[in-house]
């Protein structure tokens with residue numbers, strides 16, 4: 001099969017390891033570099049994202065998060081309301097994977113809608129001046 005079993009003796013454990021450590025490659029996107037890679041790209045493999053970039057709503061999450069990250073609007077992310085709404089709608093289809101707090105479920109949806117309305121209003125106000 002794919003696995004190989006190796007038995008180690010007490011003597012094997014008494015000798016120092018001869019393994020050599022290779023210096024980390026700072027441009028390796030699979031290393032834990034944090035959320036933003038040295039080249040400015042988003043590190044979708046960062047454990048800090050909690051796996052949100054994969055799964056059934058991964059593409060919606062990536063779209064919304066990318067939009068927000070690269071947003072140059074005065075109110076950062078105000079141009080990303082549609083992407084965040086699509087992500088939220090996707091997540092609501094998978095409540096077992098993306099649980100929402102029962103007490104705040106209605107409140108969080110209203111908060112998101114209020115924030116998106118405020119962002120839209122601010123954007124319209126900015127464009128009209």
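The count begins at 1 with the first shown residue.
Cβ atoms are placed via backbone N, Cα and C, with glycine included.
Owing to the predicted nature of the structure, the values given are computational and were not obtained by experimental measurement.
Quick look at what TrEMBL annotates:
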COMPBIAS  1-15  compositional bias 'Basic and acidic residues'
REGION    1-32  region 'Disordered'
COMPBIAS  22-31  compositional bias 'Acidic residues'
DOMAIN    57-93  domain 'CHCH'
REGION    95-129  region 'Disordered'
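Beyond its flanks by at least six residues, the compositional bias 'Basic and acidic residues' (1-15) meets no residue of its own chain at a Cβ-Cβ distance under 8 Å. Residues in the domain 'CHCH' (57-93) partition by DSSP class (helix H, G, I; strand E, B; coil) as 25 helix, 0 strand, 12 coil. Secondary structure of the compositional bias 'Basic and acidic residues' (1-15) per DSSP (helix as H, G, I; strand as E, B; remaining residues coil): 5 helix, 0 strand, 10 coil.
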